[in-house]
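*Asks:* Below you will find the structure I want to go over with you.
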Amino acid sequence: VETQMHYMSRWRSIRIMYLTMFLSSVGFSIVIMSVWPYLQKIDPTADASFLGWIIASYSIGQMVASPLFGVWSNYRPRREPLVVSSAISVAANCLYAYVHVPHSYNKYYMLTARALVGFGAGNVAAVRSYIAGATSLTERTSAMANTSACQAIGFILGPVFQTCFTLIGEEGITWKLIHLQLNMYTAPVLFGAFLGVVNIILIFAIFREHRVDDMGRQYGSVNFAEESAGLDQDTEGNVDHVAVVAINFLFFVILFVFAVFETIATPLTMDMYSWTREEAVLYNGIILCVVGIESVVVFMVVKALSKKTGERAILLGGLLIILAGFFVLLPWGEKLPNIQWQEIKNNSIPQTTSTEMPTLALSLPAMKLAPQSTAQPVGCPVTQPWCFSTPKIYLAQYISSDVLIGLGYPVCNVMSYTLYSKILGPKPQGVYMGWLTASGSGARILGPVFVSQIYTHLGPRWAFSLICGVVTVSLFILEMVYKRLIAFSVRYGRVQE
């Protein structure tokens with residue numbers, strides 16, 4: 001029987017893991033809005049394509065580090081990989097604050113800094129494996145939902161912190177003795193480094209190693225003072241690797257489609273609604289903030305709902321909602337989007353004689369030119385041939401899709417982690433969690449590349465149709481392995497489902 005002291009210590013340690021997850025996501029999002037202007041300031045040779053590498057470097061670093069930290073957490077006290085990963089993130093944030101100092105190759109220093117921040121965020125595998133091992137089957141869904149909620153809150157609050165630090169200004173304060181510029185670009189990462197130091201202190205002061213089996217009975221662990229003789233017969237049995245591979249694939253699809261959704265939001269709204277860059281960033285920022293709040297609410301609701309319906313049914317429902325969200329985005333109307341009038345004026349009209357104007361008018365009967373009062377080109381660019389034939393996606397469609405995807409994604413995220421941890425059972429899960437995190441990181445790398453190529457050359461109809469196809473395939477795979485997605489202890493008859 002678990003003592004009250006052990007129970008309190010176990011949950012204090014789990015809450016430290018919540019904080020670690022929160023800080024990992026803050027490390028990604030706290031500079032995401034200011035990377036491009038800061039990059040332009042420190043290295044004018046950097047272009048937009050290099051910005052893509054800097055954004056992707058975080059996910060690449062996390063993809064490499066997750067299996068490594070997962071293996072480490074299996075064989076050594078988890079405090080070690082947690083502290084080392086947090087220290088790497090702190091050092092990387094400090095490096096980011098000093099990328100302006102070198103006289104050349106500044107963009108490569110920034111790339112290195114962001115890759116190291118992502119490498120430090122590879123501790124997600126150790127965090128989730130600890131939570132899986134420190135909770136019983138009845139506690140697992142709630143704990144995983146709380147973990148994902150903390151991660152989502154980190155993504156939401158990161159840009160908020162960045163906005164607060166804009167009050168410092170671009171020049172800010174310079175501390176010449178240590179060559180430190182404290183401005184709107186460096187203050188957020190230094191704040192992130194400070195939070196990382198606080199997290200390390202809390203890991204040393206509060207975190208303790210705890211393990212319980214699926215029924216909540218205490219196990220011995222590497223560095224827990226009340227270590228028992230070891231694991232009992234409940235660890236005997238093989239993991240269902242078909243179910244493991246299936247969840248990895250489903251998780252990849254879930255992260256892939258959400259990365260597509262995040263990436264396509266700004267260019268899609270600029271093309272369809274003739275928004276300027278500033279309007280697209282502002283309006284989509286508000287929409288993503290609302291979607292983030294919606295996700296946090298869903299994380300809380302899904303904990304209670306899973307007790308009535310089970311995780312598999314909720315995962316199936318979440319995928320169906322995501323499918324509906326992208327299906328809604330398909331162009332269905334007849335009205336074409338506005339075309340960037342500057343490019344038509346500069347490229348097409350000067351090359352067209354007065355006798356050819358009726359031909360131009362006949363060839364583009366439904367085309368409308370974007371208003372000429374804006375200072376920058378707005379509307380769908382003529383360099384994208386599909387703009388002349390693909391119907392406009394109405395704003396109501398876009399908002400409806402945001403709501404549906406904001407509902408389906410958190411459901412699938414939580415259920416994937418919960419089912420995965422239950423399938424793996426009481427054995428150390430660090431390696432497996434590392435691979436799951438790596439698959440998610442790979443999806444965040446490939447998603448933007450996929451959608452940027454398909455959308456630019458073929459348009460939203462092809463892009464969203466392919467996404468619907470991918471989600472449909474995932475639904476078929478889920479149906480094929482549905483009966484195998486059960487807890488390790490249930491599979492071997494030790495616990496009733």
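Each residue, glycine too, has its Cβ placed from N, Cα and C.
Any TrEMBL annotation is an automated prediction that lacks curation.
Feature table excerpt (TrEMBL):
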- 13-486: domain 'Major facilitator superfamily (MFS) profile' (DOMAIN)
- 16-38: transmembrane segment (TRANSMEM)
- 50-70: transmembrane segment (TRANSMEM)
- 82-99: transmembrane segment (TRANSMEM)
- 111-131: transmembrane segment (TRANSMEM)
- 152-169: transmembrane segment (TRANSMEM)
- 189-207: transmembrane segment (TRANSMEM)
- 242-261: transmembrane segment (TRANSMEM)
- 281-302: transmembrane segment (TRANSMEM)
- 314-333: transmembrane segment (TRANSMEM)
- 398-420: transmembrane segment (TRANSMEM)
- 432-456: transmembrane segment (TRANSMEM)
- 462-482: transmembrane segment (TRANSMEM)
*Asks:* Same-chain Cβ contacts of the transmembrane segment (16-38) under 8 Å, 6 or more residues past its ends?
*Replies:* 48, 51, 54-55, 58, 82, 86, 89, 93, 96, 110, 114, 117-118, 120-121, 123-124, 127, 130-131, 146-147, 150-159, 161-163, 184-185, 188-189, 191-192, 195-196, 199, 202-203, 206-207, 281, 285
*Asks:* Along the domain 'Major facilitator superfamily (MFS) profile' (13-486), what average pLDDT does this model show?
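*Replies:* Here the predicted model's pLDDT, averaged over the domain 'Major facilitator superfamily (MFS) profile' (13-486), is 80.
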*Asks:* Under 8 angstroms for C-beta pairs, at least 3 of them, ignoring pairs fewer than 6 apart in sequence. Is the transmembrane segment (189-207) in contact with the transmembrane segment (82-99) by that rule?
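*Replies:* These two stretches do touch.
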*Asks:* Can the transmembrane segment (281-302) be said to touch the transmembrane segment (398-420) if we require at least 3 CB pairs below 8 Å and skip pairs under 6 apart in sequence?
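*Replies:* They do touch: at least three Cβ pairs between the two stretches lie under 8 Å.
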